[in-house]
Amino acid sequence: MSTKVRKCKEQARVTFPAPEEEEDEGEDEGAEPQRRRRGWRGVNGGLEPRSAPSQREPHGYCPPPFSHGPDLSMEGSPSLRRMTVMREKGRRQAVRGPAFMFNDRGTSLTAEEERFLDAAEYGNIPVVRKMLEESKTLNVNCVDYMGQNALQLAVGNEHLEVTELLLKKENLARIGDALLLAISKGYVRIVEAILNHPGFAASKRLTLSPCEQELQDDDFYAYDEDGTRFSPDITPIILAAHCQKYEVVHMLLMKGARIERPHDYFCKCGDCMEKQRHDSFSHSRSRINAYKGLASPAYLSLSSEDPVLTALELSNELAKLANIEKEFKNDYRKLSMQCKDFVVGVLDLCRDSEEVEAILNGDLESAEPLEVHRHKASLSRVKLAIKYEVKKFVAHPNCQQQLLTIWYENLSGLREQTIAIKCLVVLVVALGLPFLAIGYWIAPCSRLGKILRSPFMKFVAHAASFIIFLGLLVFNASDRFEGITTLPNITVTDYPKQIFRVKTTQFTWTEMLIMVWVLGMMWSECKELWLEGPREYILQLWNVLDFGMLSIFIAAFTARFLAFLQATKAQQYVDSYVQESDLSEVTLPPEIQYFTYARDKWLPSDPQIISEGLYAIAVVLSFSRIAYILPANESFGPLQISLGRTVKDIFKFMVLFIMVFFAFMIGMFILYSYYLGAKVNAAFTTVEESFKTLFWSIFGLSEVTSVVLKYDHKFIENIGYVLYGIYNVTMVVVLLNMLIAMINSSYQEIEDDSDVEWKFARSKLWLSYFDDGKTLPPPFSLVPSPKSFVYFIMRIVNFPKCRRRRLQKDIEMGMGNSKSRLNLFTQSNSRVFESHSFNSILNQPTRYQQIMKRLIKRYVLKAQVDKENDEVNEGELKEIKQDISSLRYELLEDKSQATEELAILIHKLSEKLNPSMLRCE
């Protein structure tokens, strides 16, 4: 007994009323005894049961889930079938008292039944035992006017001994409802007693829902003849999971009970279609109740071999359902967050690096051996958490400490160095990058190779390579910083017979280096696309930005190359057919003459013009790519996250903005399209001018005179003033301020949780460098290293072994076909011996399973301790009062028996004394 319980017992002062005299057996059955009226009290115009000696429910009582009774008007409903069966069995629907609001017909209880229900409700163990043993006419299934029988009353008031006595009777009704009631109130010992009843010997009792049980039994889970106490889809294990009863969930799992995962929301099977057609609301509620049970920490802890993986997958599934079933969006979001909190809670209980690694990496012993060999720290759970955006799990100190250790792998001394030393290392790597690449090509497995393969060095190398690429972009335009010497209307050539376009389309050495860098980055993106798959690749916005940037670069250089080819062909024509040395004195064909023109005469669709435009866009995207590495810094990381969230808000705002903008643009164009040349300026006379005027009006760069006409058409002009004014008020005052408010709200959300957001973004950046590969940055990655050839040959050699290993795994999982088994078992004796040893290993729990079992045990113990700390004294005080009440009846029974024995002794003594007195007389 805990210290809190002892204190409660010391503080408890229970005053018991005087024992009531037993009523005469011949009492009028139609009259309601005063004793029965004291058992009930009026509440808000109705009646509410009052259990002596306290009315409060114990702390931790789980309110029943949403419940609705069946439609009695429906022909062939379970309630009508149940009532028919009860009439056939001769069960009498009695009521406790004259109030008939809860029953269609009222039948008064006999005095014996009144006394029996009283004893069961108040825990009078001696009376219940005596009536069950001696009475021949007692109906143990008699009910009060609320429809509760003796078992339900005893369970509701936590009378364990009375419940055990009642469970010994045959044909006892509503045992399932009593079990659900005991689970909801947290009466573990009563739950255990009910589960030991022969009625639960069949496992189907615990796996089928009450609505399915109604098709087989009359009232096993029923509260009364009108339906169940809880929702018809609530099974005992679902209710126990809802109420977070770990002991009860464990008992039910040992009995074979499981929560069936609902079908996919878009499932078209016959069962789902029938439920959706019959009652869509009930079907949706049943799905929510099932997911509440599946997402319960009690069920996740005790039912899954890998609770962390199960919780992560379930959180993602619930998040998707929140976006699908909008009407239950908040419910599904809470359940998804509950699963995420469970994972964080388990991670928080780790005590050493081995346990942290087990959670972050998953079960490495069940993974492919080649994958484990290639990288011991797979971090599969961290990758999954990042994919499902479980930010608190990734940003947890235990996870961050482990990631930081891997980040400085093979560079343990650098972790404790100052910022100045780290910056010096970055500078050295940037300057010596070509030499480091050569050293890695020659000796990839040397000390230098191991250092370059560390995530930090890979990050520094890639960042330095990209900085060099940006430097090339700037240097390529440095000759035009102070202006150009060749004006757009001037042509300059190296020799008289040279075509001007040949000079302008030639590639410089910086442009060639830029193209090499672009090819290297494109090769890296192709490898990443191959490894991750198209879907995972596109889901990462930085990959989309990289792909777009590189595509524009390639398009720009392609257009530039086409222009160079055309100019070269023109030059070849001139060299072959023109004899004069000065082209200005020669008449050339139009298609050749075009390439001698100055820039001001080029066509708008000229490939070189298109190339220059695309190149400018690609340069802008290249510099914006710097934001990718900003999360590595604690100061700039939150700013980059806020910028990304702001861009999302702008895209959302653009929908409303475009709608309003397009409406006024078309309206103003229709109004002024007839006045081309009759306005002060050309605003709104064409669609293009209308777009320009309204767009720059947002920034205050349009004039009010844009709506003024030269003619005296005041009506049109006034309408223009009104529409233009409404547009400015709507766009500038309303929508722009709304956008500012949205951006401010998003920034505040990031700022309030900046540490978690930054660590989550930094972890995503780190993980991109944790996997093997991408050691050398572009453009050095274009040259394959000797290690790549060795790995390629090893894959070819090990391909048959990998195939046999997959076949062995399929057979062990019961998935291999007969042909696969035949091919496998015809291998050498050594292979057979290895398979036998592998099977023997499978029979033993893996190291991961042992660690997970230890962590889950801590989690359950912590949950139970937290629950005990949260409980108030009222619940424990009521339990003490109930025990004292039962003890009172036992003492009264002992007193009654002692009185009877004393009366018998006095009678015997008087019989012996009377003859002696007569003889004396």
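Cβ coordinates come from backbone N, Cα and C, glycine included.
When the residues Asn410, Asn489 are compared with Swiss-Prot, the one annotated as N-linked glycosylation site is Asn489.
Range 460-477 is the one annotated as transmembrane segment, of 424-441, 460-477 (source: Swiss-Prot). Both Leu487 and Val680 belong to one identically named topological domain in Swiss-Prot, hence to the same side of the membrane. Here the transmembrane segment (650-673) has long-range neighbours at 679, 683-687, 690-691, 693-695, 707, 716, 719-720, 723-724, 726-727, 730-731, 735, 738-739, 742-743, meaning same-chain residues at least 6 beyond its ends whose C-beta is under 8 angstroms from one of its own. Outside the transmembrane segment (714-739) by six or more residues, the chain places 649-650, 653, 656-657, 660-661, 664, 667-668, 671-672, 675, 684, 694, 697-698, 704, 706-708 with a CB less than 8 A from a CB of the stretch.
Sequence-distant contacts of the topological domain 'Cytoplasmic' (528-540) (same chain, at least 6 residues past either end, Cβ-Cβ under 8 Å): 773.
Remote same-chain residues near the transmembrane segment (607-630) are listed as 459, 463, 466, 469-470, 473, 501, 504-505, 542, 545-546, 548-549, 552-553, 555-560, 562-563, 566, 636-637, 639-640, 643, 765 (criterion: CB distance under 8 Å, separation of at least six residues from the stretch ends).
For the repeat 'ANK 3' (177-203), the predicted model reports an average pLDDT of 88. Here the repeat 'ANK 3' (177-203) has, by DSSP, the following mix of helix, strand and coil residues: 20 helix, 0 strand, 7 coil.
Residues of the same chain lying 6 or more positions beyond the ends of the repeat 'ANK 4' (232-261) and with a Cβ under 8 Å from any Cβ of it are 60, 62, 65, 67, 70, 176, 179-180, 183-184, 186, 188, 191-192, 195, 200, 203, 206-211, 214, 282, 285-286, 289-290, 292-294, 296-299, 301-303, 860, 863-864, 867.
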